[in-house]
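Residues annotated as transmembrane segment in TrEMBL: 12-31, 89-107, 119-136, 173-195, 201-222, 265-285, 332-350, 362-387. Positions annotated as region 'Disordered' by TrEMBL: 229-250. The compositional bias 'Polar residues' feature in TrEMBL is assigned to 240-250.
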Amino acid sequence: MSIPDPTTRRSILALSLIGSFGVNSMYGLVYRNGYIDALLRLREYGPHVLPGSNIPILTRFTGIGLLDKALVLAGVMFANITDGSAPQLSLYGFQFAGQLVPLYTVLMIEAARRGNKGNIMSLAVLWGCATQGLGYGFTMPIYAIVHLLCSPTAASMAPAVAQKIRLQSTDLLEGLVPSMILGYIIPTVLMAIPFRSHVLHQWLGGLWQGYPVWVSLIHYGIKVVRSRRANKSNEPKPPDTTTANGTGTRSYAARIDEEMTLHRAYLFAFAVSASTNITTFSILASCKLFPSLFPSHILTALTLKSVFIPPPFWSRAPMPNMAVGILNFFQYDQYVGSTAAIVWAVALRIKARKQAMSLESWLWLAGEIFGIAFVAGPGAALVSLVWNRDEMVLNDDKLFETVEAPAAVDVESRALIDADSEDPNHSS
């Protein structure tokens, strides 16, 4: 492994500090405020009902002991998000759910890059499951550090690196948007519906926990179906001029097609993040501006402070109830994970630049990040940074001219030979 460049070293230091803070602010806080004790006591001694209710806890999902125990704990942790008993937690959960779409979209895109083929970054489902099981704020700093150290796509920009940033195939991403809709958004909506059957409701909550698996399986299924359809219809594929070292490159037109495929995926993720974030703040603003439209308990619960501002991470104050305890955990979970994701994306964007960052460039970049994060959500800021990096690379013709120019000359030569062979006046 080569010695990391200064940008990578500074980013890894920042990510290490963010990760350490995340462990303390997430797990340390719920240990100090009594949430973990209450969760374990509920599981071991009862009453075996969901927090704040008399609904029995569903204890059997798959028949696999360890997995069922994890799903039971997750069911208890997420129960107050969807039962309506804590409006501030439900609204925060809605906003946070929208930010996970950009996150998993970016993970899937990174897995599809040429340079990540066969390495640990290609296992998007593994990172997604880690995010679900351990927390976004715990997993994202680790993902970012591993990516910056191990992924060939994270190196300083050069023609060879630009080729590694390219997608293995646009087919790998064509089904990403429907996969996210079917594997994540629909299960999220189903989990939020207040079905009369409490067993069904808990089943749907357990189903949602596996969304990284469902998205990946649906994505793979769509890819297989598209491939078989293409084979049956004998659709001609665009010429692929591959170099001897196997890195390969396609024509300029294929590069533009790749950019458009990425554009659709990034735009979808950005739109989901923005719509959930704007809707959340619109509801909070409505409570403030039009209080007569809402019941008193909603007005008390839905304030900017109660929804988005956690207690100090060092606080030892006991939680008032389990709904508030898990809300505080998820608040730090999103803030730590999003900060790590943005630090990582900023590092990638800086590495794609040809010029060093000036003070003015840093100020513009900071303004862009905070502006997008405030209006459209931190997930949208993440997508914007990676999207901008990809466009910066794919639109730089000089990075690809060493491989595309010879290919273009070769194609032109073959065309002239074919034209000469078809000319009846041509003599050998």
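Note that Cβ sites are derived from N, Cα and C of the backbone, with glycine treated the same way.
The transmembrane segment (173-195) is in contact with the transmembrane segment (89-107), judged by 3+ CB-CB distances under 8 Å for residue pairs 6 or more apart in sequence. Among the stretches 12-31, 332-350, 362-387, the one making the largest number of Cβ pairs under 8 Å with the transmembrane segment (265-285) is 362-387. Counting residues 6+ beyond its ends, the transmembrane segment (201-222) has Cβ neighbours under 8 Å at 57-58, 61, 71, 74-75, 78-79, 82, 104, 108, 124-125, 127-129, 131-132, 174-176, 178-180, 182-184, 187-188, 190-191, 193-195 in the same chain.
Between the transmembrane segment (12-31) and the listed ranges 89-107, 119-136, 332-350, 362-387, the one holding the most Cβ pairs under 8 Å is 332-350.
A Cβ distance under 8 Å defines the sequence-distant neighbours of the transmembrane segment (89-107), meaning residues of its chain 6+ beyond its ends; these are 78, 80-82, 124, 127-128, 131, 136, 140, 143, 176, 180, 184-185, 188, 192, 211-212, 215, 265-266, 268-270, 272-273, 275-277, 279-280, 283-284, 302, 307-308, 323-324, 326-327, 330-331, 333-334, 337-338, 341, 377-380, 382-383, 386.
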